[in-house]
Amino acid sequence: MEKIRARLNIGSKAEPVKLRKRKSQLYSKEETCPLDNGVLGVTVFTVAFRLINCFLVQTSFVPDEYWQSLEIAHLMVFDYGYLTWEWTAGIRGFSYPLFFAAIYKILHFFTYDAVQLLVWLPRVVQALLSALADIKLYCLIQSLEHSDVAKWTYLCQLCSWFTWYCCTRTLTNTMETTLTTLALYYYPLPGSKTHSSTKYLILVALAVIVRPTALIVWLPLLVYHFWQEDNKLKLITHLCLPIGALTLGLSTMIDCIFYGKWTLVQYNFLKFNVFHNVAEFYGSHPWHWYFTQGFVVVIGPHLPFFLYGCTLASKRYRIMLITIVWTVMVYSCLAHKEFRFIYPVLPFCMVFCGIALVNLRTWRRPAACALLVSNLVPALYTGLLHQRGTLDVMGHLQTLCDDRDPSTPPLPEVLFLMPCHSTPFYSHIHCPMKMRFLECPPDLTGDKRYVDEAERFFADPHHWLRTSFPYKSMLPTHLVFFDVLEMELSAFLDRNRFMRSREIFHTHVPEGRVGKSVLVYQRH
C-alpha cells in the first residue's frame, strides 16, 4: 500500500507542472529576428545567388533598361549623351536615374569610371536590392506560416525564370517590383508580425515615384488597409497625406531642377499614356493578351502550382489574389502591353506556389525538381544567348576608342541602321565618339501623315541614305545593322567602300527587322 501511495504521490506536496515552451512561429508573438532561425544562412546564399544571377544575364531585354536609366545618368554626370523624346516631353522623372548618377559620380570622383564598372556596378547594386526583396519575402511567409511554407515559397521565388531574367536589370519595372516586395513585408496582412504602416507607405510612395503605374498594383491593398483600419482618420492625416506630400514634393523638386522649369511628371505621364494613349504608337495587343499569353509566359512553369495554391490558400491571402487579378485586368484595358508590366505581381504568385508545393506531400520533391529544371532552361537561354548581339556590339565599338592612336584623325563615327533604341548608347561606350541612330518619336501634334525616321529608312533605305548623306565626305566610318539588311544595302556598301569587319550573333529567332546577327561595316 505504501508503494502504491508513493507512486501516486498521495499525501505529498505536488510539484508544479511545467509546460513545454512552443518554438513554432505560429505561436510566437514577437517579430522574427532577421538573424534567427537560419535566416542568416538564407541571406548569405541569396546574395551570392543574385550576384551569380547578375553576371549570367548578358542579354538585352527592352530599350528602357538603358534609355530610361543608365543613359540619363551618364549624361547627368559626364555631360554627353542622349535624351529620348520622353525626357523632352517631361513624362519621365529624374529620381530613378539620379540613383545611378550617384554611383557614376562616386566612380568619377575616384577616377574609377572604367566602362566595365559603368555597365556592371549599377546591375550589381540592383541585384543586391533584389536579394533583399527575396529575403524579406521569405521572412514574411515565415512569420505567417509554418517554416516549410516559407522555404518552398523561397525556392519558387529563386527558380522563377522571369525573375532571374529581370531582377538584375536597370529597369523601372525591376525597381518597382523590388520596392513592392519590400513594402509587402511591412504591409498589415492578417496575422502579420512584421507590419509597419509607416515603412510600407514610404516604400509604396517610392515605387510610385519610380513608376507611377505602381499605384495600379497597390490600389486594392491600400483600400483593404483603409477598410480594416480602426482609426481611419489618423491613417489618412498622420501617414498617407504627409508621406505622399513629402515624396511627391521631393521628386517634383528634383525634376524641376533637372528640367529647368516647373514639371509635374506624374501628371504628364498620365496625360500622354492614358488620355492621349501615346504608348499605342509602339504597338498594341488584344484585350485578352495578358490572360492568354502575357501572364502565362511570365509565371512560366509555375502556373499549375499557382492555380492549385489559389484553391488551398487561407483567407488572409485573398487580398493578394485580388491584387493579382485586378492588376492583370487593368493592364488588359490598355492597348500597349508588355510582359514586364505585370512583373510586380510575380512575387505575390510565388506565395501561392509555395503553399501548393507544401500540400503535395509525397510528390513535393519530384515536383520541385521538375519546376527547377523547367525554369533553368529558359533562364539560361534568355540570359546568355537570346538577344545578346546588341550588347556585344557595343563592347566591340568601345574598342575603337581604346585602340585609337592619339595621332590619328578624330574619333570614329558610327551609324546604327536598326530599329530605334536597339542598342545601349554612351553608357556602354563611355567615349565621346559621334554616334547616330534612327529615331522614332511618336507624333505629338496629331498629324496623321507623320512618319518617323526609322519607318522612312526601312521603307526605302537607299533613298534615305542618299538624302541623308549627299556627299561621300559626310558618311560615317562605321555602319551597324542586322544581317536582314545586308543584301538590300550591298550596292551602297560596295559603292562607298564599306567592308564587313565583324559579325556578332544576336538570336536564334530572327523576326521582321531583327536578324540573326549584328553586322559591323567599316569604311576604307
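Each residue, glycine too, has its Cβ placed from N, Cα and C.
Automatic prediction, not curation, is the source of TrEMBL annotations.
Looking at 41-62, 85-106, 239-260, the range tied to transmembrane segment in TrEMBL is 239-260. TrEMBL lists transmembrane segment at one of the ranges 119-142, 287-310, namely 287-310. Counting same-chain residues at least six beyond the ends of the transmembrane segment (341-360), those with a Cβ under 8 angstroms from any Cβ of the stretch are 133, 137, 141, 145-146, 148-157, 160, 162-163, 166, 173-174, 176-177, 180-181, 184, 213-214, 217, 290, 294-295, 298-299, 302, 305-306, 308-310, 312-313, 317, 320-321, 323-324, 327-328, 331, 367-368, 371. For the transmembrane segment (287-310), the residues of the chain that approach it from at least six positions outside its boundaries are 156, 160-162, 321, 328, 331-333, 337-339, 342-343, 346, 349-357, 359, 367, 370-371, 374-375, 378, judged by C-beta separation under 8 angstroms. Long-range contacts of the transmembrane segment (239-260) within the same chain, counting only residues at least 6 positions beyond its ends with a Cβ under 8 Å from a Cβ of the stretch, are 76, 90, 93-95, 98, 197-198, 201-202, 205-206, 208-209, 266.
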